[in-house]
Every structure is written in structure tokens, then in C-alpha cells.
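These notes are about the structure you will find just below.
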Amino acid sequence: MDKPIILSIDTSCDETSAAVTSGRLVLSNVISSQISIHQKYGGVYPALAKRAHQERIDYVVQKAIQNAKKNRFDAVAVTQGPGLAIALEVGIKKAKQISENPLAIRENHRLPLIAVNHLEGHIYSCLAQSVGGLPKREIIFPALCLVVSGGHTELVLMKNHGEYQLIGETLDDACGEALDKAAIILKLGYPGGPVIEKLASKGEALRSYILSQPLKDKKNLNFSYSGLKTQFLYLIQSLSQKEFSQNLQNLALSFQTACFEQITRKTSQAIRVYQPKMILCGGGVISNKTLRKLLRQTAKNNNLPVFFPPKKNLITDNAAMIGVAAYYKYLRGEFVKNIDLLDREPRMTLDSHKLQADSR
Ligand code: KG4
Ligand code: ZN
């Protein structure tokens, strides 16, 4: 049987993205980044993000359809949350329009609408395949999922497709957010993760600065990054201009090392407690080669397979990952029942649908 063809949209933060997927196959994945708009503010400026999404959404959707060379669709999928409320709204409005008035995309019947959690998208990005059907990997349950992005740092136990248990999360800043803030402290601009990675790769471990780890003695699986950022700020303020400029690479390495130490420590702890069969990693910070290497080592130490998104443009925000997550929802018949009632959920959690279902 042919796999369902899904047109998906993500406007959760500062990328306007639309994609066409067929089951797990990514037929197109168009991403319009707003980095240049937000750069001068050192972070995402919500009102400008909304306007940019509104200006670009039609073009991005048409381009995704054109690139996929498809003119029949089985469903429309959209990110419902978590994310910036006024940014999410743009994607949801467009998805509703397409679902109810599919003539705009030359489809002649109403299309079912699927609402997807953005974090679920990051997890399912590991299952995306290119047109040749590779990679063929399958999830073995229970799987330990690690999502490390600009908005989230979470450990999630995935018991089956669509069944999640949040087992650890950040108590304050997300890891990507901390890297972004450290880059501002170092006057390196936005987003910080990629610049810090580049500088850190040239740093010398022996000449790096020691930052003490928060929650080191805590047994739970939560993360904390705001204390690390404050320590880093004080460290920078204590340096002379000369020491600062001579040690930029070592400083970047020190901060990055401290950020990732927490991730590998908590991931190892989660493996001991929950005994998963494999690890799935997603979210923008997973773009970092050092982090991937550390996580590969963690998986190897525990004899576990580990999956990362198979392509670079599936790691940071994109709609193809929403399409792949939507495919599994399609198989389970999880469609939006009343389209008029679908609203953005800026603080949506991975188990919120289950909680809503439970309370009905
Ligand atoms: O998943 P994502 O695109 O958006 C959110 O859902 O938040 O993640 C964006 C985050 C930013 O904080 C950015 O600095 C970080 O991912 N990031 C990186 C790298 N590339 C992007 N962090 C570390 N190393 C990278 N190479
Ligand atoms: Zn994201």
C-alpha cells in the first residue's frame, strides 16, 4: 500500500518551514531561516518572527509542493506547540486554510489535519529517510529520547510510538539557550551554538577554565544551565582584556564542555535507571559534532544503539520531522476532530495529549 503523503508546516520559532513526506520518506523540506532578522537582537524577537512567518509561509508551502512534485495529499500536519505563541499561530492558520480549502493546493477534497508536538518532531527526525528509503532503522522500545534545543533540554522515555514519559528536564535555561547566552557574553552574536562549536574546536583542554557543575550531587535527571551561565559571566568579568582575547577559544571550550558534561552524565544516569533498548537524539544542539561524539561514546559504554537525525537540515527546526511524526499519528487515526477548536499550545508537553485524553 502506498504510504500517506503529508504536507507539513512548522513555524514554532524562527524558521518558516514546509515539507512533503510519504511515510518516512522526505520528498521536500523547505526551510526559510530568520537568523539575519534576529541577529541584532541577540535572540528571537517574537513580533518580527510572526511578521516574517506571515510574509514567507505561502512561498515556503508552494516551494515544498513544487520540490516534491506531488499533487495529491492525504493529510496536512502542523506544529501545535511548544513554541512562540504568535509564531505558532501563523502555521496553524495556514494549515487550517489548506485543510478546509484544499483547492489552493489543487486538491479537491478536504484534508484531515494532524496536530504535532514540536518535540515529538525532533524525536522522529531520527526516522526520516531520503528518497532511496535509507536509513532503514526502526525504534526498539523502550527508547531513551534526548532532546537538546534552544527551548528544551529533556530526557523522555518512549514506551511505544506516541507514548512518552518525561523523566528529566531543565529547571531553568535550555542547553541551546545557555550556549546562545554564552555567545552573547563573548560578544559573538546569535545563534551561539555554531560559533561556540567552531571556537571550542580550536581550544586547548589543558588551558581551559573549570566551571563547577550545578546539581552534581542530585540523583534526579533534571538539568540546570542558568548557574553555569552566571559563573561564566563572572569568570569573563574577572579576566583582563588581554587574557580574554587570548583565550576566546579556551573559554568557548570551557563553557561547551560544562554544558555537555551535564548531558552525558544525566543520559548515563537515565540509562542505569530505565534500562532502555536504544537512544534517540534530536534538537538543534545535536548539530554539534563534539556532543554527538560524546553521546556515541555514552551509548557504546552501555552497549546501546544510538540514532541521530540522518541529515543536517533535519536537526535544527524543520517541517519534515513534523511530517514523519504525523505519519505515525496518521496510522493511529489521530486527526484533529474539530478544526475550529485547534489552538496553539505554547507550553505543550509530550504527554499533554495523553493528559487531556485522561481527563475527558
Ligand atoms: O531545535 P532548534 O533549531 O530550535 C528549537 O527548537 O529551539 O535549536 C536551536 C538551538 C540554538 O540554541 C542553537 O544555538 C543550537 O540549537 N545549535 C547548536 C549548534 N547548531 C545549532 N548548538 C551547538 N552546536 C551547534 N553546532
Ligand atoms: Zn526545535
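Glycine residues also receive a Cβ, built from the backbone N, Cα and C atoms like all the rest.
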Further Fe cation ligand in TrEMBL, beside His118, His122, within candidate set Asp2, Asp317, Asp340: Asp317
DSSP-derived class (H/G/I helix, E/B strand, else coil) of His118 (Fe cation binding site): helix
Integer Cα-Cα distance in angstrom, His122 (Fe cation binding site) to Val147 (substrate binding site): 7
Among the substrate-binding set Val147, Val148, Ser149, Gly150, Gly151, Asp180, Gly193, Glu197, Asn288, as the record gives it, the longest Cα-Cα distance in Å: 18
Local backbone state of Ser149 (substrate binding site), from DSSP in three classes: coil
In sequence order, those binding-site residues of Ser149, Asn288, Asp317 whose CB lies under 6 Å from ligand 2: Ser149, Asp317
Within 10 angstroms of Asp317 (Fe cation binding site), Cα basis - binding-site residues out of Val147, Ser149, Gly151, Gly193, Asn288: Ser149
Separation of alpha carbons, His118 (Fe cation binding site) and Asn288 (substrate binding site) (Å): 20
